[in-house]
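See below for the structure under consideration.
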């Protein structure tokens with residue numbers, strides 16, 4: 001972060017000096033402006049854009065390809081855009097209410113609210129304010145993030161451009177811009193032509209952007225869903241979770257830990273066939289109480305040794321030396337239901353025993369046995385991780401630490417020369433496209449000033465209310481009030497979303 005701040009400071013200082021030089025020399029300023037105009041560039045504080053007519057022929061070819069199909073395609077997009085406009089208002093209203101409730105009650109977020117959380121974060125994304133590298137977006141994910149934004153923006157504008165040509169609106173050019181550090185795209189249409197066509201034709205053009213974002217999201221979802229079949233000749237799935245990366249500070253590091261290329265097949269008694277199973281098993285282990293192990297009375301007496309018992313600050317009991325790296329304090333109940341504790345070598349207990357929850361689970365054997373459970377601090381778990389052919393890893397700590405510091409993949413290469421990272425890259429990029437392109441479709445459909453929803457609303461009112469509300473000024477006033485309410489709703493979500501990000 002310190003390096004990033006220095007880089008930003010240097011860029012700011014050099015930019016300031018450059019602008020001072022330009023302002024002090026009229027000839028240099030004129031030459032600089034002519035150079036920008038020649039190459040279609042435009043530079044202003046925090047904003048740079050490039051526009052070109054190089055792709056005009058390609059856009060015209062797309063816009064004239066199979067007119068009947070394009071008419072049907074953009075008509076479906078028009079219906080989707082109108083539905084999305086109303087749906088976005090309902091979604092934003094529900095998001096705002098849930099965010100306010102969460103702020104007032106500090107209740108934990110429910111799993112089924114993830115879509116709403118994505119929308120809240122993308123509100124600030126659409127206005128290029130909410131995603132801060134290194135704060136609420138890992139630096140390692142920046143390539144996926146900016147690539148997905150750029151592709152979503154290009155597909156969005158291609159929709160507008162092709163639809164405009166289909167409706168006989170002159171197409172002036174296509175361009176790409178950067179606002180602060182966030183990329184985007186735009187198309188330049190002839191405004192007079194756009195104003196002369198009917199409101200229904202305008203709707204097809206204005207709704208084409210969100211429609212194409214939706215289609216891109218669906219296509220990315222299908223690609224993600226079919227990825228195992230697409231990569232089947234090179235990678236197989238269902239054998240476990242392949243370790244692709246381990247953080248340097250991960251507790252899974254070490255001679256008896258995990259290594260890149262290992263395949264995890266079990267967490268405790270929970271089988272692991274994919275990354276989803278890995279996350280699900282860790283979630284169950286975290287939510288449920290610590291699992292125990294059946295140990296015979298004779299073995300318990302042989303392995304245990306006397307130690308001083310004391311209580312930790314959280315009320316749990318410790319009976320082993322703090323310097324011990326192999327022994328763990330176990331608790332169990334005898335036939336008199338007395339709580340007893342024994343300091344036992346963890347690996348011998350775990351590897352030579354079957355799992356249990358109570359003494360009754362161990363009574364099936366003819367040998368008297370007890371169910372001994374690790375006596376650990378709250379939320380800390382002893383987890384047995386199987387990754388054959390290596391010796392099992394015994395992990396002691398919070399399950400989330402293991403989840404956050406170990407990266408895995410469900411795809412195992414069939415040949416050693418194949419990259420273990422390629423499926424992860426494709427999978428992660430598809431997920432970013434799904435979330436960003438889908439969310440941008442929702443946000444752009446909001447009836448708010450400066451968004452596509454503003455033009456969708458105006459054209460929709462002209463197409464539906466021109467016979468009911470004859471006076472154009474009244475229709476414009478109604479549209480203005482709706483846009484004002486939509487903008488306030490969006491701004492409220494944006495403000496609360498940014499507050500939630502910065503407050504935590």
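Placed from the backbone N, Cα and C atoms, the Cβ positions cover glycine too.
Per TrEMBL, the range carrying the annotation transmembrane segment out of 26-47, 48-69, 114-135 is 114-135. According to TrEMBL, the feature transmembrane segment maps to residues 141-159, out of the candidate ranges 141-159, 255-273. Matching 70-93, 286-309 against TrEMBL, the residues noted as transmembrane segment span 70-93. Highlighted: of the candidate stretches 70-93, 141-159, 171-190, 210-236, 70-93 has the greatest count of Cβ pairs under 8 Å to the transmembrane segment (477-501). Counting Cβ pairs under 8 Å that are 6 or more residues apart, the transmembrane segment (70-93) and the transmembrane segment (210-236) reach 3 or more and are in contact.
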